[in-house]
Amino acid sequence: MARPCKVILVALLVAAMASPLVLAYDPSPLQDFCVADKASNVFVNGQACKDPAMVSAGDFAFSGLQNAGNTANPFGSKVTLVDVKAVPGLNTLGVAMARLDLAAGGLNPPHTHPRATEILTVVEGEMFVGYIDTNGTLFAKVLHKGDVFVFPKGLVHFEFNFGDCPAFGIAGLSSQNPGLVRVADSLFGASPAITNEVLAKAFGIDAATVQRIKAQFSTKK
């Protein structure tokens, strides 16, 4: 009986070690689909399921990615995100996508997606893209039409159009809700605000400079 007991203990140990890795990703579907019920007040990791009898083809569809995003803003960029909020049928499926539009000289500023790896395909124009790993190494490349680049999950990355013509691309993301943390906005536009002393020490600048930078970012409400 000793050997079977050891086998069972080993199996339980492996399961215990594996379960945190499983839980670190989007919830897996246990049925064909689990369309998000936007009217539900139930708080779960993801979205509560709509009654399958009330599901329609429209819950799995989105229209509009053929249209260029409005880049008339200080960054000259626009991201049109198609996530579970836009397509309820994405709930539990672990994917999302986006259209990125960059005006000439436009920038999608350094940011992270805490819950998703991103793969970007350039459809028109050229982009200078890159990410920084946890050792501070920059991996960057100029992409042309048809080129693909991957941004690993959670790492700071950016896209910049250095050309004279607009550029756009389509991105796939490995989460129904990738999340977005813009580095500069988060540090200098946080609410409540991070103290000037903390930011001054972190960046090696004085408090007056911090205040001037903060003035460039609208405080999040």
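Just so you know, glycine gets a Cβ as well, placed from its N, Cα and C.
Nobody curates TrEMBL annotations by hand; they come from automatic prediction.
Remember, predicted model here, so these are calculated numbers, not experimental data.
Of the listed cysteines CYS5, CYS49, TrEMBL assigns the disulfide bond with CYS34 to CYS49.
Note on the binding-site residues HIS111, HIS113, HIS157: the fewest other CB atoms within 10 A surround the CB of HIS111. Only HIS157, from the recorded positions CYS34, CYS49, HIS157, place their Cα within 10 Å of the Cα belonging to ASN108 (oxalate binding site). Note: the Cα of HIS113 (oxalate binding site) and the Cα of HIS157 (Mn(2+) binding site) are spaced 9 Å from each other.
Counted with DSSP, the domain 'Cupin type-1' (63-211) comes out as 22 helix, 56 strand, 71 coil. With respect to CYS49 (disulfide bond), the closest of these binding-site residues in Cα terms is GLU118, chosen from HIS111, GLU118, HIS157.
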